[in-house]
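Colleague: Quick one: the structure is below, and I'll ask about it shortly.
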Amino acid sequence: MDEEGPDCGKADFVLLDQVTMEDFMENLKLRFEKGRIYTYIGEVLVSVNPYQELPLYGPEAIAKYQGRELYERPPHLYAVANAAYRAMKRRSRDTCIVISGESGAGKTEASKHIMQYIAAVTNPSQRAEVERVKDVLLKSTCVLEAFGNARTNRNNNSSRFGKYMDINFDFKGDPVGGHIHSYLLEKSRVLKQHVGERNFHAFYQVLRGCEDSQLEDLHLQRNPALYSFTRQGAGLNPLDSDERSHHQAVMEAMRVIGFSPEEVDSVRRILAAILHLGNIEFVEMEEGGLEQGHVAVAEEVLVDHVAELTATPRESVMRCLLSRTVASGGRELIEKGHTAAEASYARDACAKAVYQRLFEWVVNRINCVMEPRGRDPRRDGKDTVIGVLDIYGFEVFPVNSFEQFCINYCNEKLQQLFIQLILKQEQEEYEREGIAWQSVDYFNNATIVDLVERPHRGVLAMLDEACSAAGTITDRIFLQSLDTHHRHHAHYTSRQLCPTDKTMEFGRDFRIKHYAGDVTYSVEGFIDKNRDHLFQDFKRLLYNSSDPTLRAMWPDGQQDITEVTKRPLTAGTLFKNSMVALVENLASKEPFYVRCIKPNEDKVEYLGLLENVRVRRAGFASRQPYPRFLLRYKMTCEYTWPNHLLGSDRAAASALLEQHGLQGDVAFGHTKLFIRSPQTLVTLEQSRARLIPIIVLLLQKAWRGTLARWRCRRLRAVYTIMRWFRKHKVRAHLAELHRRFQAARQPPLYGRDLVWPMPPAVLQPFQDTCRLLFCRWRARQLVKNIPPSDMAQIKAKVAAMGILQELRQDWGCRRAWARDYLSSATDNPTASGLFAQRLNALREKDGFGTVLFSSHVRKVNRFNKRQDRALLLTDRHLYKLDPGRQYRVMRTVPLALVTGLSVTSGRDQLVVLHARGQDDLVVCLHRSQPPLDNRVGELVGVLAAHCQGEGCALEVRVSDCIPLSQRGARRLVSVEPKPEQPEPDFRCSRGAYTLLWPSR
């Protein structure tokens, strides 16, 4: 997260030049437009809901705030969470984080981020029990949202209850348990919702998320419009896939927390029973009907469903719906039938009570799982606690009823605590630092709290009196009583007391001037909502259920109807008692505050934020420890930059302020500097802002130079290491070469089987050269031992190898090459003498020097004639001879005209000789000893060696389909293996020759 500049506004409202609503809103708007949704009021964090995902959270952001002081980083929820955690861990003191704001302001999301931060920075050793507690803490939010949140006109996921969670930590600072308190669940939402709103999420998740078989067991259908309690919000449902995914997430969270499958099934059945209960309607029967009380259920199958789902007898459910049992003074039981209106009231009261008990049971079940296990203070030390309070802020609607009255009373109590704690902290800090305490002028809302909760005369006390009075007491009579007792109260008024105020209605409205603004309340429904009466019959019915989960929710149902019991406490008294206990709990902890607001709504005044700023600025706008003050501003003074040489940090701070001429606007404490006006801080910040770019450039230059020197030294070291390593590798490689090739001079192999070691990369070219030299040296050694008479044969074989290697399967390199086979008595026993005579005659005639090659052949010509002939190759001519006519010369071709020859890749003896200006000669070597001896390689080798010696080119082609030319006509010749062929011969076809080779 980047540091904030002046263009982002003031990060702390205390630093505003003028504390007015206009300046406050302008700074808030500027920061919001710059993406800065968090701003401080001293140590109070103001959070504006952005209604979009911002890159402000996650592991990277958590790391930037972990272990930091509150003002070291820009304002953030993580900073508050870290401050509370550090205070708890450092001083072993309980702390709490109070999150407040109106519906849709982002309280629930803020509490989630705080929980995620605490989970991320704890348990580095990954202890299993601590991880379990963290999982339960995080997953509990998902479950509570399902049962306690609903869609409203202001928020799609509005918390309809207040929540306070205590998290227990051990001496290491790891969470080991927790406890949740819930406040004022809006159970009236079960029955009815405003236009554009929905019932609690749990109902829709059951309808949309359960499997078809589960819905069938619950006698439910997926359409929420079929049920009275969910009909209003049926058209507002998100996508079915969203509801299913939410339902799966809640089921998974309940599994992780530790709800058993049987408990989860019971929860589903209870929700289904409430939906069926809402569809039950009552009809008045004519006189003389059989039904008791002259009231009947319009659709009795719904009663069957409710009885089955609650595991209670059908007759008992029907009796509770249509009548109630009362005990007379003589303990005689009387069954009194309901009218249709009374039955509907009883049904609705039962539905609200069942859902409230279900919600409370879920909270208690989570608490049972989160309770610290096996903790002994004598052994483990005292646990410390961080409390997180996510509670409603001031609510001001066009019509405000009993719920808004309780919520705003809660905020009055919290504001009273806030002011008291802030003033107490101020006074304690002044005394600790040796600075005279100055009285702070602020609005004390104790008189408003007293107006609500004062015994006997407070609004709640008078409401309880109206609920318990004999006879019929209406909401209008209750309002008249309020007017009588509070007509002179400065913060109370009504239309009766102020007839000219036409914003209120006679007999309905009264107004209280809260610390955050005026709120007009309608008394309609106050008495019924406060009384919150449920007939004892329903309690006994549900206590006697065979479902253990449902039975556990109704422990008060075990009382007998004849037992005399005290009148139950009213909803208002219960809420007041819970608020008193909550405030006492918070007062015992070190508090941190988060105020959540919604953007673009002119309701900031209802949070009392300006009052918070005024209280914070009443004494000194800012106070900082001397080391922190110097760390931030020392660059603005020559005596403190870069480090001071004065006697103390206090003296250095004094010198700095004197240089700026600001010493008259500060006070020096023992450890802190107190600055009275924001202008002083602005002056210091401006001086610092002018110098920071210069300092940054200086630091960048120095750091870049340092990095460059480090890199240079590293490179030098790297190159030195590389140089010495290369020397070592070269020496080692050369030593290994010397060791391996010591015996290379030994005949007859001369190092043929030696293996070359793998060289270093740098020596690879060197070793390649050495291998080439070694091969040449070895060849030289081998050649030196060859007799001169064999050199011609060796040269011919080398020439043949260079041409035919890897192109022809076998070219006869392993046999001795006799060259002149026609003069050999072995190959030509009957006519070798005749050939010798013909050879001498040709030598005398043409003057050739040596015979390169001679052999019998089978030839085919352009007339498709196949005949036996002899082939003679000398160093001057190529002769075709007729062995049947004493080797008479049939054709002579000067050797200089021979341009190339073609052979195949197989073992056949086909050869095609190409000559410039002559027909190509197609022959097959045969009549050899042994039969079918491989002599093609010998012919190629001797001819190629001769051409190399003469310096003329010879083209040798290897192909299994050889093209040739005869009298300008193009033909192809190929080979066909034929095992049954006795001797090689040609088969002629149009435009092609085929050598039939007797493959064996």
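Cβ atoms here come from the backbone N, Cα and C positions, even for glycine.
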Colleague: From the ranges 441-463, 579-601, 717-739, 786-808, grab the one TrEMBL calls region 'Actin-binding'.
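Modeller: In TrEMBL, the region 'Actin-binding' feature sits at 579-601.
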Colleague: Can you give me the average pLDDT across the region 'Actin-binding' (579-601), rounded to a whole number?
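Modeller: Within the region 'Actin-binding' (579-601), the model's average pLDDT equals 85.
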Colleague: My understanding is the cutoff is Cβ-Cβ under 8 Å with a sequence separation of 6 or more in the same chain; which residues meet that for Ala105 (ATP binding site)?
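Modeller: In sequence order, the residues whose Cβ lies under 8 Å from that of Ala105 (ATP binding site) (at least 6 apart) are Ser47, Asn49, Gly393, Cys596, Ile597, Lys598.
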Colleague: Determine which residues of this chain, when Gly101, Glu102, Ser103, Gly104, Ala105, Gly106, Lys107, Thr108 are set aside, have a Cβ within 8 Å of the centroid of the ATP site's Cβ atoms, and list them as they appear in the sequence.
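Modeller: Close Cβ neighbours, site residues excluded: Asn49, Asn155, Ser158, Ser159, Gly393, Cys596, Lys598.
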Colleague: Give me the non-local Cβ neighbours of Gly104 (ATP binding site): same chain, 6+ apart in sequence, Cβ-Cβ under 8 Å, ordered along the sequence.
Modeller: Asn49, Thr152, Arg154, Asn155, Ser158, Lys598
Colleague: Between the binding-site residues Ser103, Thr108, whose Cβ has more other Cβ atoms within 10 Å than any of the rest?
Modeller: Thr108
